[in-house]
């Protein structure tokens, strides 16, 4: 019998891991706790005298200079994008994310450890349909030669291009169609990257304290410094897509639309999300039920790959 809706999801049990923060260098324990339908993803700083909850929503973004940082009442949670990408990529809607430090652990610099943690905990379907944010008209933002846009589509797709004047990176493009269930296989393992000259400057500023070749791709002027090289020939652009997925997930709902990104980063991704949210005519919130979706001209069965995720890790 065909399903009549795509329902919200949480974890089947509590799961946790430990790691260091990329910028703080602090040892942090991250714990994922199942949450009820409609709860959303909420970060909780448990290391404070009074725990502070910060919803994973665009309105709580307070910094995008080096990573995506959420904040509330003066309390911050940094580097949320890789975890958020894993949750979005594996269809998790409701979760309490506890941290005993200021930053989500960087792990290996990708989303794969978080995807594996989700897989180990198991996924539980809940008795409520997902709510989708359907893009209804084109929205774009520009910053110099950088640009990003969201346009109407039948499911979620990201087309990303980067262009660096560097012999190893240069120009790379990648197109991810969530209808093909490619996140775990094609994107989750792509690591963050940086230039050696920038890493040295950041460390002098007291940042990137937890950064190493174990959790980032580092390139000098001509080559990759990591002994094991790359996981994909185009790992750089794949990681940019991973970041974009994490940033766009701060809509608080799965997106139905096509994101096109050229030389974007966290700041421009967030600017795009905020611009969409500022104009209600740009989007529509729709329950992921067959009746409503087919009434909008969105093929219900065609969304299976984008919404009926399989918790698999390559």
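Counting begins at 1 with the first residue displayed.
Every residue, even glycine, has its Cβ placed from backbone N, Cα and C.
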Which one of 39, 82, 155 goes with 239, 243 at the Zn(2+) site, as Swiss-Prot has it?
-> 82
82, 239, 243 excluded, remaining Cβ within 8 Å of their centroid (Zn(2+)) = 81, 85, 110, 111, 190, 191, 192, 240, 241, 242, 246
So of 82, 239, 266, which of the recorded positions has the fewest other Cβ atoms within 10 Å around its own Cβ?
-> 266
